[in-house]
Ligand SMILES: Cc1cc2nc3c(=O)[nH]c(=O)nc-3n(C[C@H](O)[C@H](O)[C@H](O)COP(=O)(O)O)c2cc1C
């Protein structure tokens, strides 16, 4: 409430016509939180909801996480548990540092509770992220690392680009997210084809096995686009199972524009991926499909359109083990994180109290 009444108007004013400026101001503020142990610890005490869950061998203090793209370079990792998150996914990083697409590249659609972005993986590169994580103090929650393909690397050499990033970041990641679904890197989504996936995921699994050197491997999640057909998702899931990939993140942003208010159609014409409220029903349907297709055996991280605790719960109900949010943080503020984690905790307690049939 305080966020919606006070902080959001200020942030939106800072970034009037330039949503990326507001994003940078927020991140700078959070960097200070991250760097100050006393502030960080007192915020953790105030905001962390303890609703522990273990997924793929990783222990999460609660199942609500920060989605990729907000903290691409891992500059504020200590701040995320302080806001109440049970995990944070940094990145997407690429092997080669790159500036991303020309600005403006981030647009707000407040009436539709949505964002459109065509950032294009602006990031400092995998080595810079590794260097930052190497000196960061221990964080109170798991950190996922999202890796993508550098723009300058030809698609045919995508596998080695992902492998390089995995190598330098392996010891800092609690899990990896393989991003093959951003709509903002030309050709990237074609890597979701079964043949390309088999090569990429097979190579990443083999590398992971060798990097783990006999210890438990880092789980690998593949982040998929909401615009894939069900047969294409089914094929991709088969490859995931064959290559021993842990699970999927469903979903990334959509190229569709359904659910955008008519008065925001001119902004909706901007190229890029749509996130927030209009994505909700699509992501939920993909989570449900993956859960059904894999008989509930494959861990799913739900992502897309979580703007309220009930929305997060609906992704859990559809089969997600963990849920991430990004746009909801922009529109509803950090209280959404705590409220969603509490909602999940209540639902779990309620389920446990139900008599078994
Ligand atoms: C500005 C912006 C940048 C993003 N960057 C990335 C990214 O680098 N990697 C990625 O996997 N997803 C990225 N995403 C997608 C989010 O992680 C998330 O999957 C998507 O926004 C749907 O969730 P939401 O509706 O809660 O925002 C980005 C989203 C936004 C709005």
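Here the Cβ of each residue, glycine as well, is placed from N, Cα and C on the backbone.
As the structure is a computational prediction, the values presented were derived from the model and not from experiment.
Taken from TrEMBL, the feature active site, nucleophile applies to 182. Same-chain residues at least 6 positions away in sequence with a Cβ under 8 Å from that of residue 182 (active site, nucleophile) are, in sequence order, 92, 121, 148, 188, 189, 252, 253, 273.
Classification of residue 72 (FMN binding site) by DSSP places it in coil, neither helical nor stranded. Annotated FMN binding site per TrEMBL: 68, 69, 70, 71, 72, 92, 146, 179, 223, 251, 276, 305, 326, 327, in sequence order.
Among the features that TrEMBL reports, substrate binding site is placed at 72, 117, 118, 119, 120, 121, 179, 184, 252, 253. Around the Cβ of residue 179 (substrate binding site), a 10 Å sphere holds 28 further Cβ atoms from the protein chains shown.
The feature domain 'Dihydroorotate dehydrogenase catalytic' is assigned by TrEMBL to 53-339.
Proximity of the binding-site residues (70, 118, 120) to ligand 1: a Cβ under 6 Å from the molecule is found for none of them. Contacts of residue 120 (substrate binding site) defined by a Cβ separation under 8 A and a same-chain sequence distance of 6+ are given as 98, 100, 101, 105, 151, 184, 185, in order along the sequence. Within 8 A of the CB centroid of the substrate site residues 72, 117, 118, 119, 120, 121, 179, 184, 252, 253, the other residues of that chain are 69, 92, 100, 182, 183, 185, 272, 273.
The binding residues for FMN are recorded as 68, 69, 70, 71, 72, 92, 146, 179, 223, 251, 276, 305, 326, 327; their greatest pairwise CA distance is 20 Å. The distance from the Cα of residue 223 (FMN binding site) to the Cα of residue 179 (substrate binding site) comes to 5 Å.
Cα spacing between residue 70 (FMN binding site) and residue 118 (substrate binding site): 13 Å, rounded to the nearest whole number.
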